[in-house]
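Shown next, in C-alpha cells, is the structure this report addresses.
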Amino acid sequence: MNTFGHRFRFTTFGESHGKALGCIVDGVPAGIKIDEKFIQSEMDRRKPGQNKFATQRKEGDVVEILSGVFEGMTTGTSISMIIFNENQKSGDYSNIKDLFRPGHADFTYFNKYGIRDYRGGGRSSARETAARVAAGAIAKLLLKELNIDIRSGICEINGIQASNFDFENVKDSEIYALDKSVEEEQKNAILEARNSHNSVGGVALVNVKNCPIGLGEPLYFKLDSQIANAMMSINAVKAVEIGDGILASKVKGYENNDQIRKAGFKTNHTGGILGGISNGDEINVKVYFKATPSIFIEQETIDIYNNEVNCNLKGRHDPCVAVRGSVVAESMMALVLADMVLLNLSSKIENIKKVYEK
C-alpha cells in the first residue's frame, strides 16, 4: 500500500535510484494559500548532504508542483508534486545485487515479490520520505489556518539523553538537538560511529501545540493509533511512545492520572490524548530509530541462491538516521492531524448545519 490517510490522504511514488519520486495529495480544501518557499524550507531540513552528520549524497530536493494550485491557492483538486533525483550512484550497489544486506528489507522484499531493486533499496529506501515531507508541508499549511503548531527535535542519540527540551536550540543545531548541554556528546557519538564504519540509533520527540479537543475517531481510528501507525511506517522506526509511554505501565493509577482543573490538566502523562481523542493539551510523541543498517563492516549473509557469503557495503549512508528522520516524523504528525481535522467535521450535526443551512 502506498497511500496513507482517509479524508486527507496522500500517495507516494518513486525509488531511491529512479528518475524521480513524488506524491499526490487528495482531500485538500480549496482556498489554502500555498507558500512554495515554506514547502522548500521543509524539504531542506530533511535533504541529505548538508553536513558531516548525514549521508554525503547531495540532492537539491527541489519540489515542483504539477497540479491542484492556481494563482497560489489550492483549488480543491489533487495536488501532485515531483522531486527529481540528481545524485544517484547505482554502481555502488553492483557488488551486492545478489546479496541480502543485513538489517535491510532486501530479504523480505525478494521473498515477497520475487524481484527487488538492489540500487539503494529501491522503494524500501528512506529516500521515499522526501515525498512524505512534501505532502506534510501541505498538511502544515492547512493546520496553520487553525494555529496548530508542530515541532520536533532529537532527545537521544546512542543512549545520550536530553534532560531539557528546548525547541529553539533545534533551529541552530546540525543534529536538531533539543538539549545544548549534551549536543556535543551526541555529535561525537555520531562521528565516532562514522569513523569506525558503524552507526548509532536515536530518539526524536514530536510536539504539538494548540491542538483542539476532539480529534480522533474511536474505536478503530483513534488519534493515538493513527499516530503510532504513521510513525511506524517510517524507515528504521522500531518503537513509538505517546505521553509517558512505557512509564505508564510502571506507576500506580494515582501517579499516572492527569487530574483536571478549570484551567486544564494538572499534568500531561497521557501526552494530550484520552480515549483516542485529543484533550486539548500538548501532544508529545517519542519516535525510536534503530541504528542505520548500512555499515562498512564485513557481515555474514546469504545470496539469492541461498549461499552463505560475506557482505561488504559501499555507498553513502547516514551514520544516524534519527536526525533527518525527526523531520519525517514531524511531517507524518502533520498528515495525521490534517486528516483528523477534516474527519472531525462530521462528528456533530451542528457542524454540518453550519455548512448547509441558508
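Every residue gets a Cβ built from N, Cα and C, even glycine.
Swiss-Prot has this to say about the protein:
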type    : residues                                                               : note
BINDING : R46                                                                    : NADP(+) binding site
BINDING : R123, S124, S125, N235, A236, G275, K290, A291, T292, P293, S294, R316 : FMN binding site
Which of S125, T292, S294 (the binding-site residues) has the most other Cβ atoms within 10 Å? T292
At the Cα level, what's the spacing in Å between A236 (FMN binding site) and R46 (NADP(+) binding site), rounded? 15
Mind giving me a neighbour count for K290 (FMN binding site)? Other Cβ atoms within 10 Å of its Cβ, every protein chain shown. 17
Lowest local Cβ density among R46, R123, which the record lists as binding-site residues, within 10 Å: R123
Including all protein chains displayed, how many Cβ atoms other than that of A236 (FMN binding site) lie within 10 Å of its Cβ? 22
Could you tell me the C-alpha distance between the residue listed as 'NADP(+) binding site' and K290 (FMN binding site) in angstrom, no decimals? 18
In Å, how long is the longest CA to CA span across R123, S124, S125, N235, A236, G275, K290, A291, T292, P293, S294, R316, which the record gives as the FMN binders? 44
